[in-house]
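K.L.:
Not my notes, these are from TrEMBL:
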TRANSMEM  103-129  transmembrane segment
TRANSMEM  149-173  transmembrane segment
TRANSMEM  194-213  transmembrane segment
TRANSMEM  219-244  transmembrane segment
TRANSMEM  378-400  transmembrane segment
TRANSMEM  420-441  transmembrane segment
TRANSMEM  504-524  transmembrane segment
TRANSMEM  544-562  transmembrane segment
Amino acid sequence: MATATPENKDSFATSGNADDKQSKAFVNDNEKGGIKTMPFILLNEICEKLAMVGFSKNMVNYLTQQLHMPLTKAANTVTNFNGTSSLTPLLGAFIADSYAGKFWTITVSTAIYLAGMIVLTLSAALPQLRPPPCAGDQVCQEANGSQMAVLYLSLLLAALGSGGIRPCVAAFGAEQFVEEDPTQPKKTWVFFNWYYFALGVSILLASTVLVYIQDNVGWSWGLGIPTLAMALSIIVFLIGYPLYRNLDPAGSPYTRVLQVFVAAFRKRKIPSISDPKFLYVNEELDASISTDGLLHHTKQLKFLDKAAIVTEEDSLKSSEKPNFWRLNTVHRVEELKSILRMLPIWAAGILFATSNAQQNTFSLQQANTMERHLTKSFVIPSASMSVFGMLSMLITIVLYDRLLVRVARRITGLERGINFLQRMAIGFFIAIIATMIAGFVEVKRKHAASASGLIDSPESTIPISVFWLVPQYSLHGIAEAFMVIGHLEFFYNQAPESMRSTATALFWTSISVGDYTSTLLVTLVHKYSDWLPNRNLNKGKLEYFYWLLTLLQALNIVYYLICAKFYTFKPLSHKTEHVEGVELTTQV
């Protein structure tokens, strides 16, 4: 039993048992996992991302050209799909952390996504599943109800599959390395670099090879190839199963969060305790959810501390667990506090995602109207313009690790140069510049259309090079290298260890809300202004929309800097590991 008083000796006895269990787990975990699992996990990620991006990157063209959707409806369909795909990770993270574990969640979710890919490929291959083609000034027939039902079924399956893949792959790969092992320093940090680099390579392939096939060979081939890649990813991932370090689910994190809320509410009328030493601590009870160490008590959100105050009604006995709906340990209370402290930083990522969403919608439509000939016979697919963003992102990642970190380290004294909050701030600032420049490029594009007498000819090619779009794509890629990786690292690092899939899901939900915010903005702007016309972008005022986003992002970065200044980092206790007779003392 552990009591609320520091004099209780049983609390020290339970911590000894917990240490023994952790030590055994530590030794067994080292027999699996490590660098040998990376080829399977990263190759799986490359195949999966190749399929996902090949599915979604050129989707707005598929919807407008093959299903004859109006532009704003197609743009909203894309952002709604992306938003739903980034919202379902909350469900996938819950299943992984509570019941199935990350390995089986990834496997089953990939199979569900594969089913969606198969349905979409069939709709592209079978003429009866899409409307008849049209040419010239002919009025195009939109897809009928049954054809739209097939489309939405494939999107639904893909969104559900994304829910299990996105929150688990990064966390599962990071778990292959034991952070406390002194023989493997910083391997988790290295994994995140390789993970995002592999993601970038797959997006490059999808944005070039697959998009070219879709635009020039056919959509059945352009969607069939990523479908095969998704099937291959399942096979590769399963082959590596004997090598993986699989951690057992630690129970529902959502239930623990709710229990703390309920316990604190039930004890809301009792007086607070000024000395945190008298709050309930039980290391043995928390052993399975605190292998990295117990969370320290923090002074923020003190009303939640009441969930850890022991009263006479709690009836603690040495042989029984407490009723968690009335009493929780300090560690469990601090788990909830950690999540709540992360939410303001989470919210700051929403408008970044909103701005980034335009690269796959309106920026793509800009590219469709511009001169895209690289040679007399080769035309750059409009969706392939995102390759400049990916290249900029990959180059920035390499320069960041090899150059910027070393320079910043001399100034800040930090091992990684700058912390993830500072890294995110740089990304926010660059994204503002990117969106502002996008507005000026649109002014340039429309001026060229007007000078050539093509304002009323939406299907004609405007004599202005598509490479005018390179600055906005490249700056968005650089911003992503700073903000998105910093955001992902923030969630993984600051989340309680038993909630890392859930925290990664939070990362994706910020993108989800950003996509839905884009849908809302586009809908409102289209309804109440003439900025975003459906058929003729030349007659619109897209630059005003970009500058509206610029203003919103400027306000957002002020909000973010205030949140970052007052953020409290997750505090972990010292812990001692006993491995083969050697005592290793670490602080996480």
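Backbone N, Cα and C atoms are what each Cβ position is placed from, and that goes for glycine too.
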K.L.:
Select the range from 103-129, 194-213, 420-441 that forms the most Cβ-Cβ pairs under 8 Å with the transmembrane segment (219-244).
P.N.:
103-129
K.L.:
Residue list, the transmembrane segment (378-400) vs rest of chain: Cβ under 8 Å, 6 or more residues beyond ends.
P.N.:
57-58, 61, 193, 196-197, 200-201, 203-204, 207-208, 211-212, 214-216, 359-360, 363-365, 367-368, 372, 466, 469-470, 473-478, 480-482, 485
K.L.:
Restricting to the same chain and to residues at least six past its boundaries, which positions have a Cβ under 8 Å from a Cβ of the transmembrane segment (420-441)?
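P.N.:
Contacts of the transmembrane segment (420-441) (Cβ under 8 Å, skipping residues fewer than 6 from its ends): 345, 348-349, 352, 355-356, 358, 363, 366, 468-469, 471-472, 475-476, 478-487, 489-490, 493, 542-544, 546-547, 549-550, 553-554, 556-557, 560-561, 564, 567.
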